[in-house]
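Novice: A single structure is presented below for examination.
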Amino acid sequence: MASGDTKTSVKHAHLCAERLSVREEEGDAEDYCTPGAFELERLFWKGSPQYTHVNEVWPRLHIGDEATALDRYGLQKAGFTHVLNAAHGRWNVDTGPDYYRDMAIEYHGVEADDVPTFDLSIFFYSAAAFIDSALRDDHSKILVHCAMGRSRSATLVLAYLMIHKNMTLVDAIQQVAKNRCVLPNRGFLKQLRELDKQLVKQRRQAGPGDSDLGL
């Protein structure tokens with residue numbers, strides 16, 4: 001049973017990869033299907049090896065680590081106006097509104113654990129809305145961080161790009177991975193795949209008129 005499931009999964013992954021190639025060549029979004037976890041992980045592996053404390057992955061949108069979030073002077077000097085902490089909480093990166101109270105920084109916390117069984121998807125839309133609201137102001141600059149800036153924070157940024165920038169999961173991964181070495185855990189990747197399927201279905205039903213389903 002397990003062997004058969006593996007073969008089916010690999011076959012599906014190769015089929016999706018072939019369809020992705022066709023879509024890239026012909027520009028036909030109707031041929032897109034959500035790739036399997038292995039194919040998606042390969043996209044991350046092909047990305048940038050760059051892994052510093054913080055990297056800009058989209059205009060004025062940065063993914064960073066705990067050290068970046070704790071450096072109040074550095075945040076102020078860099079001009080950050082918003083912070084989304086994907087590892088909020090006493091036993092994670094324990095900052096919060098009070099930590100930035102004397103700074104011109106708007107804070108949003110997501111109390112999440114970096115384990116495959118944690119349901120981060122319940123925060124996808126609220127986190128994406130916070131990022132989108134911040135970036136609507138041309139003078140804003142947002143840091144999305146967790147402990148290492150690789151899994152939780154990257155997952156929320158990917159969800160934002162999918163929800164508000166009309167990207168497929170593949171597009172979003174390629175955008176982020178070319179600027180920072182990230183890799184969501186398998187559980188988060190599964191949740192992003194489900195979001196991708198939902199958004200693709202909704203957009204096909206809505207037609208070309210509605211581009212931003214996050215609103």
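Backbone N, Cα and C define each Cβ position, glycine as well.
Sharing the feature lines straight out of Swiss-Prot:
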DOMAIN    53-201  domain 'Tyrosine-protein phosphatase'
BINDING   HIS145, CYS146, ALA147, MET148, GLY149, ARG150, SER151, ARG152  substrate binding site
ACT_SITE  CYS146  active site, phosphocysteine intermediate
Novice: Have a look at the binding-site residues (HIS145, ARG150, ARG152) and report the one with the fewest Cβ neighbours inside 10 Å.
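Specialist: Selected from the binding-site residues HIS145, ARG150, ARG152 on minimum Cβ neighbours within 10 Å: ARG150.
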Novice: What is the three-state DSSP composition of the domain 'Tyrosine-protein phosphatase' (53-201), stated as helix, strand and coil residue counts?
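Specialist: Summed over the domain 'Tyrosine-protein phosphatase' (53-201), the classes give 70 helix, 23 strand, 56 coil.
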Novice: Have a look around ALA147 (substrate binding site) and count the other CB atoms within 10 A of its CB, chains all included.
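Specialist: Summing over all protein chains shown, ALA147 (substrate binding site) has 18 other Cβ atoms within 10 Å.
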Novice: Of CYS146, MET148, the binding-site residues given in the record, which has the fewest other CB atoms within 10 A of its CB?
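Specialist: Lowest Cβ count within 10 Å among the binding-site residues (CYS146, MET148) is MET148.
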